[in-house]
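Checked TrEMBL, it gives:
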{"type": "ACT_SITE", "residues": "121", "note": "active site, proton acceptor"}
{"type": "BINDING", "residues": "129, 132, 154, 159", "note": "Zn(2+) binding site"}
{"type": "DOMAIN", "residues": "1-257", "note": "domain 'Deacetylase sirtuin-type'"}
Ligand SMILES: [Zn+2]
């Protein structure tokens, strides 16, 4: 087994708190397209300006018509959670990971079984009424748009608000509660693990800096990130392979601990 992976497995198994921050890289293997970079959809297919908060406020009907197209491109080919999502859920089950903080809005961590989850940028599967806060499945809102009713309106009788995807749009502030919780977790963690995030988008990109001051920082990515210089562990490779390898290393360690306890018990009984 990789020495670094074994060392990290030891570190997180013994740690008092472990927080994981994930970005788009975790979902690529599930068929969610890349947003940024040369191959990203913002660079080639869609104009981010069409999806800004001020566009939504100015022209909600046009926003939703464009959003339908974006939604189908983003989620049309999604195959469900992949081995990286499942590995993180497993690390929670093993009592090693305390919380997953994600920049993704695809809902795949929850689908994979992660329970303690902070979705920093919201969840695309939900839409909310801008007037009363009623939550509606986005598919329902999109069906309205498909039927020519754009913008989709709130289903609550007597409410005249329209719906907005329950995600943080460009030019919109992050929900304070989610970010504050994530920040507190980063600060309180002995180990902070970043997976598949280029760490270029503030304020999430500042979390690893704060975490590295307090504890150990591990970065899992296929390429370089903005915070590599702060990392105590740098794991290169596809997260669908590196995270299952980490699970294996943690399980090997837990197995050795169980064996050691078994030996003690035998000794005491003898
Ligand atoms: Zn409403």
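All positions are counted from 1 along the displayed chain.
The backbone N, Cα and C atoms fix where each Cβ goes, and this holds for glycine too.
Please treat TrEMBL annotations as automatic predictions, because they have not gone through curation.
Because the structure is a prediction, the values reported are computed rather than measured.
For each feature listed, report its degree of burial, its nearest neighbours and the pertinent distances within the displayed model.
Under the DSSP three-state reduction, residue 121 (active site, proton acceptor) is assigned to coil, being neither helix nor strand.
The secondary structure of residue 154 (Zn(2+) binding site), as reduced to three states from DSSP, is coil rather than helix or strand. Spatially close to residue 154 (Zn(2+) binding site) yet at least six residues away along the chain are 129, 131, 132, 134, 136, 160, 161, 162, 163, judged by Cβ distances under 8 angstroms.
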What's the most sparsely packed of the recorded positions 121, 159, counting other C-beta atoms within 10 A?
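Sparsest of the recorded positions 121, 159 by Cβ contacts within 10 Å: 159.
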How many other Cβ atoms sit within 10 Å of the Cβ of residue 129 (Zn(2+) binding site)?
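Within a 10 Å radius of the Cβ of residue 129 (Zn(2+) binding site) lie 20 other Cβ atoms.
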Round to a whole number and give the Cα-to-Cα distance in Å for the pair residue 121 (active site, proton acceptor) and residue 159 (Zn(2+) binding site).
26
Please report the three-state DSSP label of residue 132 (Zn(2+) binding site).
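Going by the DSSP assignment, residue 132 (Zn(2+) binding site) belongs to neither helix nor strand, so it counts as coil.
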Quick one: mean pLDDT on the domain 'Deacetylase sirtuin-type' (1-257)?
93
Is residue 159 (Zn(2+) binding site) helix, strand or coil when read with DSSP?
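Coil, per DSSP.
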